[in-house]
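I have placed the structure first, in the form of structure tokens, so that the comments after it can refer back to it.
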Amino acid sequence: MALPLISRRKSHIAFVFLVLIFQACNGFYLPGSYMHTYSTGDEIYAKVNSLTSIETELPFNYYSLPYCQPQGGIKKSAENLGELLMGDQIDNSPYRFRMNVNESVYLCTTPPLNENQVKLLKQRTRDLYQVNMNLDNLPAMRYTNQNGVKIQWTGYPVGYTPPNSNDDYIINHLKFRVLIHEYEGAGVEIIGTGEEGMGVISEADKKKAAGYEIVGFEVVPCSVKYDPEKMSKLHIYDNMTSLSCPQELDKSQIIREKERVSFTYEVEFVKSDIRWPSRWDAYLKMEGARVHWFSILNSLMVIFFLAGIVFVIFLRTVRRDLTRYEELDKEAQAQMNEELSGWKLVVGDVFREPNHSKLLCVMVGNGVQITGMAVVTIVFAALGFMSPASRGMLLTGMILLYLFLGIFAGYVGVRMWITIKGSYEGWRAVSWSVACFFPGIVFVILTVLNFILWGSKSTGAIPISLFFILFSLWFCISVPLTLLGGLLGTRADPIQYPVRTNQIPREIPARKYPSWLLVLGAGTLPFGTLFIELFFILSSIWLGRFYYVFGFLLIVLTLLVTVCAEVSVVLTYMHLCVEDWMWWWKAFYASGSVALYVFLYSINYLVFDLQSLSGPVSATLYLGYSLIMAIAIMLSTGTIGFLTSFYFVHYLFSSVKID
């Protein structure tokens, strides 16, 4: 009787567990993607982010300009690690919205503008700075017509300069259009703002959950000249009559000294058929899907071409030679060795320790860490876990993944070191070098760029406190895990070479052209699979566009890994065929040289696509960040190529019988 009772209890527990999982699946949304319903008349306040410009790439605080401030004072919103690193500074604002209430509202009138304020406003206007505003976590969107084409922008300009004019005009009146969807309720209530972290979802009756969801946030910016004496008599949130954006310059608010600027706005709520899960679709429209598919098809052609070469190497050349070699008796083999040429003659040198072997192990370890970070991040993003509503989540996730993947970096670096050296001596130094190599390079570059940003008083400058936080995360998470990975690497059996290494190195025959020329040329093939997607990524970073086609990026990453592996194997085999046994570094840079072309393409993008980028400060920032990206790509692709070539050479020479 006891056994049936136990099994019955287990089945009850399993049933309850399944019910709880089912309820949890119905009750929670992915981080950053839960909604908030509002009732008629509920007050919602917009938030403002840093001012940004594609001209300078230097973000500045919204309240560095003479804008109206909230009644309760300026309060910063909680920011994650990624937002801080990207230069976001999210503050509250006086812009108040009452759900489903159309109104035209007065905000404030500034004191007379002084010389510094006028100079700053003019500079921000001429540099095409945008105000970035969010309502219920949706960025403000505006539409413009250029040559009959409707163009979508996020944010609105600080001001504008008419053609053939030296005067600048400030944007001081905003016409908001808020799209709302009536939510009937589905037995759940969502408690929380949808902006401040995880919301709490509980069961509730249908009436309590019903309300309106915000599914769109559009803005039309205007410049309107008001009578300051008349406007200063009004109080904040006093109602005004609605107005149209003036076309005449004499009715627009000019930026000059002693001018008093009045700020107003009007709100129109419009019911929409857009449902809440689809509200980001308007922001994430990525034009040029055909270009992405063309890039993928082009990459597939390269892959099949290289795969054909590898197939020929394995099945025709290598297998045929090995079969002939194994069928001969010892005397015939000795005679054949005198006549042989190519990879079979370097059998006693192919596993000789390379130059700067410690540096190679360190770079391979870092490459494993970066590759793992990129793969996991892109997979999660492609599956929809990196919601665009959670600003900075992508960068935060990448940093945390990099820290925790230190254990794999230490393991691979130390195991490769023990394999090359044949002893455990020096593994701690290798582990520390793996932990410090890439973070050290990034730290030096970011420190130099940070001094430049501090000098420009930009919000993009990393605060000293954040430097300490990053250092603490690295020292307390990445370093111990890397050392642990190194310790595990010493516990693992070293990879045994299939052949013995001769004491005297074999002389490498002279060649007509340097081998590095072929290695550098090999990087063009991986770059061919990457460069179209690279254009969209650079546009997303530097032109303020959303990039959310992670499905395409995942396919391109898979193709890139395949091409890097094939290129490195083919180049390694070609070097062995000309009796060049120093293949280690060449295998690494055969695929790693793609980073050189990525950096050169970044310079090309700066010159031809970022022509509006002004000033040496902006160009230095761009090149600094591009250099970090190129180094990361070099370590990642080089590691893929090297490890593939290592196992190829190991397999190749494990088939050769040596007395």
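Using the three backbone atoms N, Cα and C, a Cβ is placed for every residue, glycine included.
Annotated in TrEMBL:
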- 1-27: signal peptide (SIGNAL)
- 293-315: transmembrane segment (TRANSMEM)
- 359-386: transmembrane segment (TRANSMEM)
- 392-418: transmembrane segment (TRANSMEM)
- 430-454: transmembrane segment (TRANSMEM)
- 466-488: transmembrane segment (TRANSMEM)
- 516-542: transmembrane segment (TRANSMEM)
- 548-571: transmembrane segment (TRANSMEM)
- 583-603: transmembrane segment (TRANSMEM)
- 623-649: transmembrane segment (TRANSMEM)
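Within its own chain, the transmembrane segment (359-386) is flanked in space by residues 30-31, 393-394, 397-398, 401-402, 405-406, 408-410, 412-414, 416-417, 420, 430, 433-434, 437-438, 482, 550-551, 553-554, 557, 584-585, 588, 632, 635-640, 642-643, which lie at least six positions past its ends and keep a Cβ under 8 Å from the stretch. Sequence-distant contacts of the transmembrane segment (466-488) (same chain, six or more residues past either end, CB-CB distance under 8 Å): 81, 84-85, 365, 399, 402-404, 406-414, 427-428, 430-432, 434-435, 439. Long-range contacts of the transmembrane segment (516-542) within the same chain: residues 54, 57, 286, 288, 291-292, 294-295, 298-299, 302-303, 306, 549, 552-553, 556, 559-560, 563-564, 567-568, 571, 574, 586, 589-598, 601-602, 605, 609-610, 613, 622, 625, 637, each at least 6 residues beyond the stretch ends and with a Cβ under 8 Å from a Cβ of the stretch.
Only sequence-distant pairs (6 or more apart) were considered; of these, at least three Cβ pairs between the transmembrane segment (623-649) and the transmembrane segment (430-454) are under 8 A, so the stretches are in contact. Sequence-distant neighbours of the transmembrane segment (430-454) (same chain, 6+ residues past either end, Cβ-Cβ under 8 Å): 58, 358, 361-363, 365-366, 369-370, 406, 409-410, 413-414, 417, 460-462, 474, 478-479, 482-483, 485-487, 617, 620-621, 624-625, 627-628, 631-632, 635.
Long-range Cβ contacts of the transmembrane segment (392-418) within its own chain (Cβ-Cβ under 8 Å, at least 6 residues beyond either end) map to 31-32, 79-86, 88, 357-358, 360-362, 364-366, 368-370, 372-373, 376-377, 380-381, 386, 424, 426-427, 430-431, 433-435, 470, 473-474, 477-479, 481-490, 492, 494-495.
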